[in-house]
Amino acid sequence: MPPLPAPPLPGRSTAGRDADGAGERAGAGAGATGWTVLVPIKPLADAKTRLRGAVDADLHADLVLAMARDTVAAALACPDVATVAVVTGEPAVAAAVGAQGAVVVPEPAAPDAARTAGGLNAALAHGAAAVGDGWVAAMPADLPALRPAELAAALRTARAAGRPGYVADADGTGTVLLTAVPGTSLRPRFGPGSAEAHARGGAATFGGDWPSLRRDVDTPDDLGAAAALGLGEHTAFLMNAVR
């Protein structure tokens, strides 16, 4: 099947920026005290292996990118977010999210073994170093049902706590949001059992009625649960096209 056409980009800007423009973006929207949200995105061909089968094999990368674009779009639309910084080494991803208005932090080239060993945590550490100190959050790129209001509520909970913390996924074992406050560093421990790992590392647990934030997508069943909440524009477009 040939690649599907993409729906219009709804982002804040028609021109992408790299990490050198992060300061400019931080002054927009929520202002200098707003959050910087880091979103690491793996090479599309390697991402979301457990999601394979949700669409035809030749559309798997399109689905992964669509979910990432919806995650980025929701973060950009969140009133508490000043900057969305996407850490990626893939040009197609950089072009797509840059067109939406995200800052692109290029991921350093690394041998496949090193990339696998470091994974998202290494990408997030690189992104955190690029954006500097402040109100910094990290979330995965697999939240296609995310609502800006729920992200805002979670970030306000984190700000009120005044300490690093995390939000667990719908299953209670993974992590969908990790936060740092000024004067602290982001300490990502993503991977199996990351919620417990973040708690052991001293992060506070933030709870709330945030179903779209908690609904990460790793499997076809997860995608169905996200669809029940309401998929974002890009993922919905793709899924409707393949029915």
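From the backbone N, Cα and C atoms, a Cβ is placed for every residue, glycine too.
Taken from TrEMBL, the feature region 'Disordered' applies to 1-29.
TrEMBL lists 1-10 with the feature compositional bias 'Pro residues'.
Sequence annotations record features per position, and here TrEMBL assigns domain 'MobA-like NTP transferase' to 70-178. Counting residues per DSSP class in helix, strand and coil order gives 52 helix, 23 strand, 34 coil for the domain 'MobA-like NTP transferase' (70-178).
Per TrEMBL, the feature phosphoenolpyruvate binding site maps to Thr175, Gly191, Ser194. In the three-state DSSP scheme, Gly191 (phosphoenolpyruvate binding site) falls into the coil class. All chains included, 12 other C-beta atoms sit within 10 angstroms of the C-beta of Gly191 (phosphoenolpyruvate binding site).
Of all residue pairs in Thr175, Gly191, Ser194, the annotated binders of phosphoenolpyruvate, the farthest apart have Cα atoms separated by 9 Å. Here the Cβ of Thr175 (phosphoenolpyruvate binding site) has 25 other Cβ atoms within 10 Å, regardless of which shown protein chain they belong to.
A Cβ within 8 Å of the Cβ centre of Thr175, Gly191, Ser194, the residues given for phosphoenolpyruvate, is found for these other residues of the same chain: Gly174, Pro188, Arg189, Phe190, Pro192, Gly193, Ala195, Ala197, His198. Taking Cβ-Cβ distances under 8 Å and a sequence gap of 6 or more within the same chain, the neighbours of Ser194 (phosphoenolpyruvate binding site) are Thr173, Gly174, Thr175. In the predicted structure, the domain 'MobA-like NTP transferase' (70-178) carries a mean pLDDT of 93.
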